[in-house]
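Engineer: Would you mind keeping the following structure in view while I ask a few things?
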Amino acid sequence: MTEPARQQYGVTPPISVATPTDKEVERNQALIEELKKQGSFEGAEESQKRVQVLNTLQNLTENFVKKVCANKGMPEHIIKNSGGKIFTYGSYRLGVYGPGSDIDTLLVTPAHVTRHDFFATLPAMLQELVPPPEDLSMVPDAFVPIIKFKLQSISIDLIFARLANVNSVPKDMALSDKELLRGCDEVNLRCLNGTRVTDEILTLVPKPGVFRMALRGIKLWAQRRAIYANVMGFPGGVAWAMLVARICQLYPMAVSAVVISKFFKILAHWTWPQPVLLKGIEDGPLSVRVWNPKIYPSDRGHLMPIITPAYPSMCATHNITKSTKSIIIREMKQAAEIMDGIMVGNLSWDKLFERHSFFTNGYRYYLSVVAAAKDKDTLLGWSGLVESKLRHLVMKLEILETIKLAHPFNKGFDNVHFCETEEEAIRIANGEIKAIDNQVGVKTVVTDLKAERNGDVEKKEDESKFKVYTTTYYVGLEINTEISKHIDISWASQEFFETCKTWPSYNEDEHTIHINLTRNFELPDNVFQSAEIKPVKKTKTKIIKRKAGAANSGSATKKRSADENMDVKV
């Protein structure tokens, strides 16, 4: 009797359909225990709270649609039957969320409810909830317009989409049908894409449970190695998920530990820019752009293309630069060696999840990119803009032959500075005071612009003092000293400044930006964790030959900085 044909997942047949060995099962169990130890899983009580919050949002959505319809004077049967639904996407929908994770949510309405209604009506309705949301903010002009808030201590990112040819959105609606996209503008397509891609990924893996556990491991590794941030030129959550899904397709019977091992072994040597695809690229009913490097020059420029499976297919990694590509591959090769040790039992899983050494043993030179403003809310928008443009600075640095590599760190560091005089505050904002901790009359306090409450820190300081809020982003530089010890990056810096200042909300009286060259021993304490050792200034000994008969007083050696001859113009 012939064995029934196995289902093929993906665009190629599997590499292996071997079932797990006892040793692989053992390594997999050790992976699960290590992820628990690392705090990757949320407790049942917290998960239940998420369900309750989503139920609250679903009820709010239905009431919101009814209210908008009533305000527009629509008939009762339309008010009653219009519906409205909350969808999730991202880590929550994939089932890989952990303690403190936010929930990415999408509010979908029928055609007669607009994005203007979303921003004009919903925030007031949110405030009527008991308990009301905290830290409510709206960004209606973002690439993906969004409302952010915390509900019962759970962070919510809420976006909106209307279905242009639909008069009712019932609770059981799915978004898989491409026909639902007819009439949607580009903003609506982007908003719908998150949920559609997430749902499609889950249908394209042979064993969702194996996929989820492997993805938890890869996410933790990428976060610990500081290569998890789409805005900075590294893969984001959906890109890492698609990479893991592709390995699951190639090894459909494997346990999660094997998937992680094969992940690094295969992708560290992937023949980029060959794209990673979970399925063939589909045509659809819309006259919209679908990723195609044969037609579009910009698509040919993608260095590590990972293509979304849902129509219209897009590249999830278009932000990757020459430098970040090198860093990702370097990290994967190192992880592949570690995984070899783990799978034969010579190393434990915690070795894979060790923290990065970006600041402790990464580079001798860093660029400190500092965004500043007089108040927290102003800086929140300004620093977000600077962060979104930082990869443009990286790409300009990559053009210079004296720069081998420009490595952006994947997050910024927030500070608030309390100054005795307005002149001091202006000098800090303009970057004229570099070593702030050494300045008399200036106190620097670590803060978090996005934290629920920062006021307690500020209230401890004298309210009569002048405050400056800053966010600092770091770029590690690998310098090609064989070409020159004199490096001029002033052109790249100026171009970057001009790019940031084209922001429609830019105001030279409220927003400042500057770049400092920072040596590793000059890095501030707040970039290091408690157990990490801060680099110290290195010196080298130079023998000084003295003439016969010269005075023999003092030392015959002179201490010089190892970096003394390097000249970098910012």
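In case you wondered, yes, glycine gets a Cβ from its N, Cα and C as well.
TrEMBL labels come from automatic prediction, so no person has curated them.
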Engineer: Under TrEMBL, which of the candidate ranges 58-84, 490-516, 517-543, 544-570 is annotated region 'Disordered'?
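Structural biologist: When 58-84, 490-516, 517-543, 544-570 are checked in TrEMBL, region 'Disordered' belongs to 544-570.
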Engineer: Including all protein chains displayed, how many Cβ atoms other than that of D102 (Mg(2+) 1 binding site) lie within 10 Å of its Cβ?
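Structural biologist: Around the Cβ of D102 (Mg(2+) 1 binding site), 15 other Cβ atoms lie within 10 Å.
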Engineer: Looking only at C-alpha atoms, tell me how far D104 (Mg(2+) 1 binding site) is from G237 (ATP binding site), rounded to the nearest Å.
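Structural biologist: Distance (Cα to Cα, whole Å): 12 Å.
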Engineer: Within 10 Å of D102 (Mg(2+) 1 binding site) (Cα to Cα), which of the binding-site residues D157, K219, Y228, G237, V238 do you find?
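Structural biologist: Correct set: D157.
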Engineer: Using C-alpha atoms only, work out the spacing between K219 (ATP binding site) and D157 (Mg(2+) 2 binding site) and round it to an integer in Å.
Structural biologist: 20
Engineer: What is the separation, in Å, between the Cα atoms of G237 (ATP binding site) and D157 (Mg(2+) 2 binding site)?
Structural biologist: 15
